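*Asks:* Here it is, the structure in full.
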């Protein structure tokens, strides 16, 4: 009766509740700006890994500052005038305060470095390095001088400019998503909710949830890193979850108003049923996001914290502010039209499914498994210039280098670091061994790193590809005269993937156990939680396979605005797993809430499925469409990691709300029959004591004769028509 009592308090003190939330909202707005100054763009890093320790050793021995690169295109590199122009510009850039060095093809002497010259002789590359202790490097002045080189095309990017472009693109995508999705969401809400007042409630709840989360993150950022990409997650989840919860509550309130003219009584019954569902849903989604907290990457941890905060703030507002506002304006919300339990689209769907549950179950499961198959070949990479839109200077620069320069210029090297100087004889022998290693294109000893021996090994092909990653393992397994550590882009990917694999069982354990316990408390069954976990796995697998097929392999790239990237962003799978799993459980809880309500009242499994789907199918479908519109706004952006998550989540909610919840779930529940609601007697007694039941009336409890001593009350294959 907790939620019923809470609702009465909110109704009786609705003005106080409203004032309290207004104060919280203003506090969130006041604190929010500070979080944007404390964000980090680091993602896909494991700070205690071998590659991180090697990078730290190099940084300590030979500190370096910011850098950027440039490609001068459309010139004859052998023309003395070109050399003179580039050399003069390099000298001018070097003279700027804070600039440590400018590397051009002629930095090493009269003989040019051919790796810095395009193979067709019509382009050259240069790099600008700033000092290690320069707080405010003259980046703009340096880029302006480089761009003044007399050439048809001068592209400046990469390095720290690439990081800046990624941050700016992420912020731009966020603004674009809001511009695209918000008007569509508002229009759809008016249609679905039946009026402007009802439609405005989800928007209000989302604004409060997002603003208060930003305020809370400003405090979190004082004690731990908060990723800039967490802002996108807060916006996506805040709007989507608020729509889901407000939609469920308001729609149920409109239903209750048909039979209960008194606003307070209708609202109390609404919150005792739909409010309870929202509470369990919010806790389940939060539990899914909590799985991200065990990963070593600060980005995933901050994403988990941000996601949990926005879900919990939206949940709190939905259970307190929403009933307070509805108590004020509920008399202006139109009652829902009567819904027949024997007619309608979802009754027809349930009838068709119940007649052929085996065929439906096998067909849908097979489709989901086929859709998931591409994920078996998934590859992963750090975001680079290819993650940006085609208009990005860094992407254009990277494209030219990739297509026209020598292999050594294309690939970021794998770096082998020894913590002391290796003697000449041993060093020569070791270098010979490295050069003889498969997939090695070039080997060079780096100068200017006192006390260490640093060897750059250029791999064949993509510096982040499978070949380079295999080479990292080979180099780590190669005998060296002294202990060595391996770093570089490919090594960072190998270390990050290993860290994910190591921590994944703990993350999955948190998600599975928390979800199982919450669904048991919600339904009193141990069969339903197990079924939900299996169905969620199928649903997630399909969305994972889809993003591999689109982004890695390049299929339908014209539709989603992407090229074949050859791999997914490192952080995409873990992030999608947590968010999509939670959203899938969201819809599971929505449907189960009404199905369990009818089951407790009647004890008729088929009727519970039919009526539950009839009453909530429209809500789940509408919520999924609205959520998909929110995620689609992020698909319109230009930053691939955000786009990947947007596409993945959009497909996940649509697949889950249609194939899984409308077809697979009722088919499996029909097959299982009364066994859906089975639990061992001791757990059944436990649930009776702590199951947090809110609805009035005594529940229907199946006897052992009804459901068997175990889950054998299922209809079984022989009892179904396939």
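Backbone N, Cα and C atoms are what each Cβ position is placed from, and that goes for glycine too.
The feature domain 'SSD' is assigned by TrEMBL to 203-328. The annotation region 'Disordered' is assigned in TrEMBL to 698-722. Annotated transmembrane segment per TrEMBL: 179-198, 203-223, 229-251, 278-299, 305-329, 358-381, 506-528, 533-552, 564-584, 619-639, 645-664, in sequence order.
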*Asks:* Apart from its near flanks, which chain residues at least 6 from the ends of the transmembrane segment (506-528) lie with a Cβ under 8 angstroms of it?
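*Replies:* Residues packing against the transmembrane segment (506-528) from afar: 280, 283-284, 287-288, 290-292, 294-295, 574, 577-578, 581, 585, 588-589, 592-593, 596, 672, 675-680, 683-684, 687-688, 690-692, 699, 711.
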*Asks:* Run the contact check on the transmembrane segment (305-329) against the transmembrane segment (229-251): 3 or more C-beta pairs under 8 Å, excluding pairs closer than 6 in sequence.
*Replies:* yes
*Asks:* Honestly, do the transmembrane segment (358-381) and the transmembrane segment (229-251) touch, with at least three Cβ pairs under 8 Å and pairs 6 or more apart in sequence?
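*Replies:* Per Cβ check, the transmembrane segment (358-381) does not touch the transmembrane segment (229-251).
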*Asks:* Which residues, given as numbers and ranges, are at least 6 beyond the ends of the transmembrane segment (278-299) yet have a Cβ under 8 Å from it?
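*Replies:* Same-chain contacts beyond the flanks: 3, 40, 42-48, 224-225, 227, 229-230, 241, 244-245, 248-249, 305, 307-308, 311-312, 314-315, 318-319, 496, 499-500, 503, 506-508, 510-511, 514-515, 518-519, 521-522, 571, 574-575, 577-579, 581-583, 585-586, 589-590, 593.
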*Asks:* Quick one: average pLDDT across the domain 'SSD' (203-328), no decimals.
*Replies:* 89
*Asks:* Counting each residue once, how many in the domain 'SSD' (203-328) are helix, strand and coil under DSSP?
*Replies:* 110 helix, 2 strand, 14 coil
